[in-house]
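I have placed the structure first, in the form of C-alpha cells, so that the comments after it can refer back to it.
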Amino acid sequence: MNALAATNRNFRHAARLLGLDSKLEKSLLIPFREIKVECTIPKDDGSLVSYIGFRVQHDNARGPMKGGIRYHPEVDPDEVNALAQLMTWKTAVADIPYGGAKGGIGCNPKDLSKSELERLTRVFTQKIHDLIGIHTDVPAPDMGTNAQTMAWILDEYSKFHGHSPAIVTGKPIDLGGSLGRDAATGRGVVYGTEALLAEHGKSIKDLTFVIQGFGNVGSWAARLIHERGGRIVAVSDITGAVKNPKGIDITELLNHKESTGSLKDFHGGKIMDPNELLVHECDVLIPCALGGVLNRENAADVKAKFIIEAANHPTDPEADEILSKKGVIILPDIYANAGGVTVSYFEWVQNIQGFMWDEEKVNKELRRYMTRAFQNVKNMCKSHDCNLRMGAFTLGVNRVARATLLRGWEA
C-alpha cells in the first residue's frame with residue numbers, strides 16, 4: 001500500500017472515530033492548491049534542459065503552509081500529496097500554527113553541478129514566488145536539498161519581496177537559521193521516546209536499541225541515546241550494518257563514518273546483514289530511513305517491544321495490524337519525528353521577531369512541545385479507546401476540523 005493510500009486510510013479511520021460530517025471529511029482531504037511549473041535552465045555546457053517543479057499546498061486553516069522541497073528523480077505526485085497531507089496533521093499534533101505543504105523538482109541532484117543546482121533553484125523560486133510567502137507557505141529542506149538550497153531560495157525571493165529571512169527554514173545560521181535545527185528531528189525522537197518509556201515505568205538507560213538509518217536523524221538520535229546511557233546494539237545505513245551485543249560506542253562510529261564515509265570495517269562491532277537489522281533482538285527499534293520497511297514479510301519476526309517511527313511511514317498498515325496483535329507499542333511518525341518542524345517553527349518565530357535564541361532555549365522549548373504533545377495524544381487514546389497512531393491522527397484531524405469550522409468553511 002503506497003503512502004497516499006495509507007495516509008488516507010488513517011485519516012478516514014480518525015474521521016470516523018471523531019464522527020466528522022462526511023462533507024467536511026471530503027473537504028479536508030482535497031489539497032488547497034497544487035502547483036506545477038516548468039523550469040528550464042542552461043547547463044554548464046550551454047545546452048538547455050527542462051525540469052518539472054511542483055508544490056502541493058494542502059491546508060491553511062491553522063496557519064501558513066509548511067513543508068519540505070525535495071530534489072529527486074522520482075518525485076511522484078501521489079507521494080507528495082500524501083506528504084503534504086501528513087504535514088497538515090503533524091503540525092496540528094505538535095500544536096504549531098501551520099498547515100501542510102510539500103514540493104520538489106524531478107531531477108537527480110547528483111547529476112547536476114553546484115551552479116546548475118543554483119540556477120534550477122532560482123528559476124523554481126521565480127516561478128512560485130508569488131504563491132509562497134512568510135504568512136502563506138514556508139518551504140524547508142528535504143531529500144536532496146539542504147541549507148544552501150534554502151539560502152538560494154531566500155536570496156531569489158528577497159529580490160521580489162525585500163529581505164525576508166522567514167520565507168524558508170533550515171537556513172544557514174549566518175542567514176538567520178536557528179541553533180539546534182540540525183539536531184532537532186533526532187532530539188525530538190529522543191524526547192518522544194523518553195515520554196513513551198516513562199509512561200511504561202522505563203527509561204533509556206535500562207534498555208537496548210536498534211537504529212536503522214545513520215543519516216541526520218539516525219546519527220543524532222544514536223548520539224543522544226548513547227549520552228543518556230542507552231545501549232545501542234545494532235546500527236545500519238545504505239553502506240552496511242554493524243552489531244555489538246555489549247553496545248556500540250557511538251562516538252567512535254560517528255568518527256569512523258566521518259573519516260571513511262561508511263559503516264564498513266568498523267572495529268567496534270561485527271558486520272551483519274542489513275536485512276536482519278529490523279528483526280534483531282532489542283527493546284526499542286528506531287527506523288530512521290525509508291518508508292515501508294516494516295511490512296507483512298518481516299513484521300511477525302520483530303522482537304522489539306517498542307517501535308519509534310523516526311522515518312515517515314516506515315510501517316505499512318498490514319505490519320501495523322500484525323505488530324498490534326503481538327502487543328508491540330508503536331510511537332507514530334506524525335508525532336515521533338515532529339521535532340524538525342517544531343524547531344523550524346522556532347526559526348520562523350525568531351526571524352519574524354528579529355530576535356535569535358540561544359541553543360539551550362531552543363532545546364528546552366522543543367522538550368516542552370514534545371512532552372505536551374505526547375500527553376495530548378495519550379488523552380485522545382483514552383477518550384477514543386485507540387492506539388497511539390489513532391490517538392495522534394484524531395488529535396491532529398480534530399484540531400484542523402475545529403479550525404476549519406470556526407473559520408466558516410460553508411460560507
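The chain as shown is numbered from 1 upward.
Cβ from N, Cα, C; glycine included.
Some features that TrEMBL has for this protein:
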{"type": "ACT_SITE", "residues": "Lys102", "note": "active site, proton donor"}
{"type": "BINDING", "residues": "Lys66, Lys90, Ser344", "note": "substrate binding site"}
{"type": "BINDING", "residues": "Thr185, Asn216", "note": "NAD(+) binding site"}
{"type": "SITE", "residues": "Asp142", "note": "site 'Important for catalysis'"}
Output field, substrate shell: CB within 8 Å of site CB centroid, site Lys66, Lys90, Ser344 dropped: Gly67, Met87, Thr91, Ala94, Ile96, Tyr98, Gly100, Ala140, Ala338, Gly340, Val341, Thr342, Tyr345
Cα-nearest neighbour of Thr185 (NAD(+) binding site) within the listed recorded positions, Lys66, Lys90, Lys102, Asp142, Ser344: Ser344
For Lys102 (active site, proton donor), the number of other Cβ atoms found within 10 Å of its own Cβ: 29
Rounded Cα-Cα span from Asp142 (site 'Important for catalysis') to Lys90 (substrate binding site), Å: 16
Fewest-neighbour residue among binding-site residues, criterion Cβ within 10 Å, set Thr185, Asn216, Ser344: Asn216
Shortest C-alpha distance to Asp142 (site 'Important for catalysis') - which of the recorded positions Lys102, Asn216, Ser344: Lys102
Lys102 (active site, proton donor) to Lys66 (substrate binding site) - Cα separation in whole Å: 7
Number of Cβ atoms other than its own within 10 Å, given for Lys66 (substrate binding site): 28
Count of other CB atoms lying within 10 Å of the CB belonging to Asp142 (site 'Important for catalysis'): 20
Maximum Cα-Cα separation in Å among residues Lys66, Lys90, Ser344, which the record lists as binding substrate: 13
